[in-house]
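Under the heading domain 'Thiamine phosphate synthase/TenI', TrEMBL lists 7-189. If you look up TrEMBL, you'll see GLN37, VAL38, ARG39, VAL40, GLU41, ASN70, THR109, LYS138 marked as 4-amino-2-methyl-5-(diphosphooxymethyl)pyrimidine binding site. Taken from TrEMBL, the feature Mg(2+) binding site covers ASP71, ASP90.
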Amino acid sequence: MPSLGRLHLITDTRPGRDPLAVLRAALPVAGAELVVQVRVEDDATDREAYDLACRVAEACRPYGASCLVNDRLHVALAVDAAGGHVGADDLPVAVARRVLGPGAVLGATAREPVGARAAVDAGASYLGVGPCHVTTTKAGLPDPIGPEGVRAVAEAVGVPVIAIGGVTAASVPALRAAGAYGVAVVGALSLTADPAHATAELMRALTC
Ligand SMILES: Cc1ncc(COP(=O)(O)OP(=O)(O)O)c(N)n1
Ligand SMILES: Cc1ncsc1CCOP(=O)(O)O
Ligand SMILES: [Mg+2]
């Protein structure tokens, strides 16, 4: 299993956003600590997801960064990504593990210890845990679990916990203190005028 980077950049493909520009800014700063999760809107076509994933995987390669694909595991296989991420509406974790194979990185979403342990038992190699804080990036999420919710999951499992949801560089210290190995962000890198600087701030908070 490849070692997991600590900064997970989730692509923002909403209108007016430029996920490849953000990626180009983040890669030289975070290098192999960057994990780029290709996440497209639900109404995007598989071809759109594939085209973006191809470009992300190609951009990551020279930096040793990893490319994962959210939800659409056939796209992950098609671009030879390092793995994928699944949640409650996606393939079950055990099925995702079978699809991706034993050596792939497989993330699963969890927000409490029982579900977290079940996901690990089913084959997840890391957990995306949250939402930690309020976010407007995804609608319909349950209430934020905060650092204490992250702690409950981190204490229950032996795989890396990646905190997600409203994460900024300022919130990283409390999440790390709660046991998070890394963080996943959309807005903290996509909505800033200077994504290279924001990447540096996140990396500093993740590695100090
Ligand atoms: C690192 C990470 N954690 C959680 C999620 C959320 O996945 P999911 O619950 O399947 O929701 P969608 O992202 O598919 O809308 C994630 N993508 N990454
Ligand atoms: C996909 C997803 N799942 C839980 S929170 C979230 C979005 C995180 O985006 P942001 O970093 O902008 O809060
Ligand atoms: Mg999903």
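Glycine is treated like the rest: Cβ placed from N, Cα and C.
Less than 6 Å separates the Cβ from ligand 1 in the case of THR109, drawn from the binding-site residues VAL40, GLU41, THR109 in sequence order.
Only ASP71, ASP90 of the binding-site residues listed as GLN37, ASP71, ASP90 bring a Cβ under 6 Å of any atom of ligand 3; the order follows the sequence.
Here the CA atom of GLU41 (4-amino-2-methyl-5-(diphosphooxymethyl)pyrimidine binding site) lies 14 Å from the CA atom of ASP90 (Mg(2+) binding site).
A Cβ distance below 6 Å to any atom of ligand 2 is met, among the binding-site residues ARG39, GLU41, ASN70, THR109, LYS138, by LYS138.
Within the set of binding-site residues (VAL38, VAL40), the lowest number of other Cβ atoms found within 10 Å of a Cβ is recorded at VAL40. Summary: among the binding-site residues (ARG39, LYS138), the fewest other C-beta atoms within 10 A of the C-beta are counted at LYS138. Looking at VAL40 (4-amino-2-methyl-5-(diphosphooxymethyl)pyrimidine binding site) and ASP71 (Mg(2+) binding site), their Cα atoms lie 9 Å from each other.
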